[in-house]
Amino acid sequence: MANVISNHILKVLCNNQCSLEFQHLDGVLRQSFTVDERLLRRALRDSARYRVVDEDSAERALSPGALIIAVTSLRICKDPAKCARCEDLHLCRYLVCGKCRFGNKCKNSHDLKSAHNSALLKNKNLQFLDEAQLFQLLLLNDPSLVPEICSHYNKGNGEHGSCKYQTSCTNLHVCQHFLQDDCKFGAACKRAHNFDATAMKILNGRGFSPENIRTLQKTYKNKFLLNSQTDKSISKGAEKDKQVKRQHSSNSVSEADRNEICLYFVRKGCSFKEKCVRVHHDRPYKWEILDKDGVTWRHFPNEEDVESAYCNPDNNTSFGPLPVDFTSMMCGERPVRRLSTASSVTKPPHFILTTEWLWYWKDDQGQWIEYGQGEDEKGLTSISSKALENVYLSEIETEIPFNLGGNKYVLNIKDMFQQNLRYKTKREVRRRPRFVSTQDVKGKSKSDASETTGSSSLEVPGHWDKAALPSFSYTIVPLSSSAPDYKSVNLLFKRTMSSSTIHSIKRVQNPSLWRVFKWQREQMKEKNGGGDIDERYLFHGTDKSLINAICEQNFDWRVCGIHGSLYGKGSYFARDAKYSDTYAKSRGGPKMMFVALILVGEFTKGSSSFLRPPQKPQKAGFYDSCVDNPSNPAIFVIFEKFQIYPEYIIEYS
């Protein structure tokens, strides 16, 4: 699958003069494939195919505006008649540039499919590109094809700068900064911002077609970027990437992606409704086929049968009148994609209808064996599906060592194979989900509802009203002004909002959210060596229309809105009610504000580029949250919603 994705990326780039911004590339790819962002980033680490120019690279490995440029080491041979065992293409350079005036009489080859050229393209893994795509790739990367920009013309004060050849110069007299798209003089620039008659003569002499001349500015800009010191490949940035990555959470970019199925909707219905950023579907998976218009994804018929076939690692295709090829994810000539709920390893263990991914390897008899499973100890691997899934999602390791039957192996996640380190034999590896039928979905949902109905048996805070525990979902309990927690919340609020009038303080009793919060607290304690975790009551102003959804499903900054992004893209909470008051919308009536219990843990100063807390310096692990000022924090950014429990609602004016 990794090669399929990478090949498709290269074709898309070559169709766009060999470069696109990351967010644009991502959007184009999603019209044809379900591309998990982890796989996309992993594919872009191939420095033999891609370079990344990222102005925001000082803060993270890949920003939405990062420019992805296609590269290749393949070149056109300068003298094919004299070379022996040449590793360059034997091809007419005029043909590559767009037009060869010699036609059939040309002494150089016009045949891409010759034995020599075919072998080279296959060796470089470029045989899947069509002629136009390959020629665009060569125009950008082969320095002998495109004329140079005269550096002397771009210096000095004369009409031709300091170029002594003037009109006889074989290099182009064009403003270099114009081609780089950074000329500060604009129309007032004294140097040419177009290709004049002399430049056109040079370009026509090299065989450039009108179409290629029209796009030449972008080609030059990409050339300058590739040669500049500001570019970087994803592979070079991998070490930096490790510093900002952590196990994916419910607030990570990939989980908020529109191609992930909403867990709440599958279970019982999503309170965020049309505002939810995730897909609403009645199963934890959804199969779709691309419409003939090349844009619209249609629901694939008999998706449960397709899913059942896909979950069996023995199957390369599904069955029936519309078979799906699981390797290429194609049905005939049309792309197919599979959407699913979040991976089970990213959620607390009691979460239902997550996608449990199983990892398999193929033994000598052609049988698929799940990692960590098996009756024979000789066939039992030292690593499990769960462990592999965690590593796969972490994006940090691409090769994982393990033991099997007394032998040492390494599993290559990128190319999905395992290799015996002694004998160098390779085995195919597959990652497939555990099958969940429609009946399973109904049964699990009923079981979950029954467990929630029996919430009185769950351990909840001592100050909660046990008689008001919900039979399902949550209960809002009004507090009397004499209640201890009313007094403490009132005091906290009035510290910066003394002139406001509190109409009511209500407690949110949601056993499901509390269970997740407790689980997160224990996870953080374990990582902290058993020590207590810093937790605080913090404020969050919001719109009244979102109250019920937050009480049921917790905060999600993509839905609840962003209270700024100066310190990271997450949910913002404030020490002072006065700050949160600016985000509480009255709509002609009283305002509403949450007081949430937050596991702030260890924190550091945030940055607008952060999608998650950064790694701690000189020690393993990551920070738990980000703040405005580490020595005296007033604003906290929480990226993982399991660290939040929305406990109180203040209604005030």
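Including glycine, each Cβ sits where the backbone N, Cα and C put it.
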Checklist outcome for this item: Ranges in play 59-81, 128-150, 174-196, with TrEMBL marking zinc finger at 174-196
Next on the checklist: Of the ranges 91-113, 321-343, 344-366, which one does TrEMBL flag as zinc finger?
Outcome noted: 91-113
Item to check | The annotated zinc finger range in TrEMBL, which must be one of 24-52, 256-284, 459-487 | outcome: 256-284
Next on the checklist: DSSP on the domain 'C3H1-type' (256-284): how many residues come out helix, how many strand, how many coil?
Outcome noted: 9 helix, 3 strand, 17 coil
Item to check | Within the zinc finger (91-113), residues counted as helix, strand or coil by DSSP | outcome: 8 helix, 1 strand, 14 coil
